[in-house]
Amino acid sequence: METCIKCLRRVTRVFPRVLTSQRLRYGDDQTEIVESNSIDSSNTQSKSRHSTNNGHNDSDLPRKDFESLDYDVCYNKPYEHYVENQRKDFSFSKIEVIKWMITFLIGFSTGLVAFFIDTIVKLLSKLKFNTVTQSINSTTPDGSLVVSLIIMVMFNAALVLVATCLTVLEPVAAGSGIPEIKCYLNGIKIPRVARLKSLVSKAVGVLFSVAGGLFVGKEGPMIHSGAIIGAGIPQLQSITLRKLSSKFAFFRTDREKRDFVAGGAAAGVAAAFGAPIGGVLFSLEEGCSFWNQKLTWRTFFCSMSATFTVHFFLSGLEFSWGSFYSPGLINFGVFKCTDEETVNGTCRLWTAMDLFIFVLMGLIGGLLGAAFNKLNKCLTIYRMRHVFPKHKAVR
């Protein structure tokens, strides 16, 4: 018994946060269920001795801010009893149907957010440039453009100031959010990364930043926004809006939540670039370390839902509902025939001869990619053999 206590005290010196509490996660925050007073007291003593011996406070270490997510399947008697009681009202088939419905809602909501961001950015940019154009037209006869320049700077400064204030209110909304989502999908819990407040700050901050003329894009933050939507909708409750709650808790485990977040991130890519397959490949190759065949189909369905939603509402702005000629938030233009070519029947946007050019472009791209990978491998081997990095101080 004494040997076990000594081993336990040694472990608590290294991982105090892991052993102080056992937690059951609901949504983005955690609700403490069981906390061991004996371990906590021994942890306090060992932590004070550890900080005294090392000469620094243990609260300064970065591990105090981040925890790991539990992706293991829970097999214990209380949980099995809870699931049996829940399945009296919800059978397995109903749960699967609800899972696919939630997947569609994630894609649909992500598409709506993308449509909202793109529309507001266009309106703010139009307002800014129309005001500056009117100022230029009125001041050009006088030979001075200083007033127009000041108006332009003030517009941009005001828009960027709003985005900055939102970042101050919710710091996790700064940046693209892609590294945070990658960490989350690989089991690292970052505080407040999937909150409703973070989604609002991210979406509104992005549209003000883009309209303010900063060198940023709305495509990267869409991944974070889609991931937040994927984390929030399956919970059927909100931590920010505590009045929205539900007893349906089948999808509140970290394991289920991770799969929906993967679908939301893929939907963000699909909504931004109009590429459902690209969204699936992003989650598969760049984000997730946990994958299965069922998740592939659900993620693809979520991406298609987001792409369809963006296409549908963007076509409505042009009063041509259902016309999907402008995919995603990025538009490289539309190739159209002139009226004369249409009347004469000589309209040829591309012909069979152009296929050889496309094939040649693919071959050149493949060869360049292979050469890059080969050079990268050789450079890595050379650095491992001849370049020795300096040893960093480890505290």
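A Cβ is built for glycine as well, from the same backbone N, Cα and C atoms used for every other residue.
Unlike curated records, TrEMBL annotations are generated automatically.
TrEMBL has this to say about the protein:
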REGION    35-63  region 'Disordered'
COMPBIAS  35-56  compositional bias 'Polar residues'
TRANSMEM  97-117  transmembrane segment
TRANSMEM  145-169  transmembrane segment
TRANSMEM  199-217  transmembrane segment
TRANSMEM  260-283  transmembrane segment
TRANSMEM  295-314  transmembrane segment
TRANSMEM  355-375  transmembrane segment
Counting Cβ pairs under 8 Å to the transmembrane segment (97-117), which of 145-169, 199-217, 295-314, 355-375 comes out on top?
-> 295-314
Sequence-remote contacts (6 or more beyond its ends) of the transmembrane segment (295-314), Cβ cut-off under 8 Å?
-> 99-100, 103-104, 106-108, 110-112, 114-115, 118, 226, 230, 259, 262-264, 266-271, 274-277, 279-280, 283-284, 288, 321-322, 324, 326-329
What parts of the chain pack near the transmembrane segment (199-217), using Cβ distances under 8 Å and only residues at least 6 beyond its ends?
-> 113, 116-117, 120-121, 124-125, 128, 155-160, 162-163, 166-167, 169-170, 173, 177, 224-225, 228-229, 232
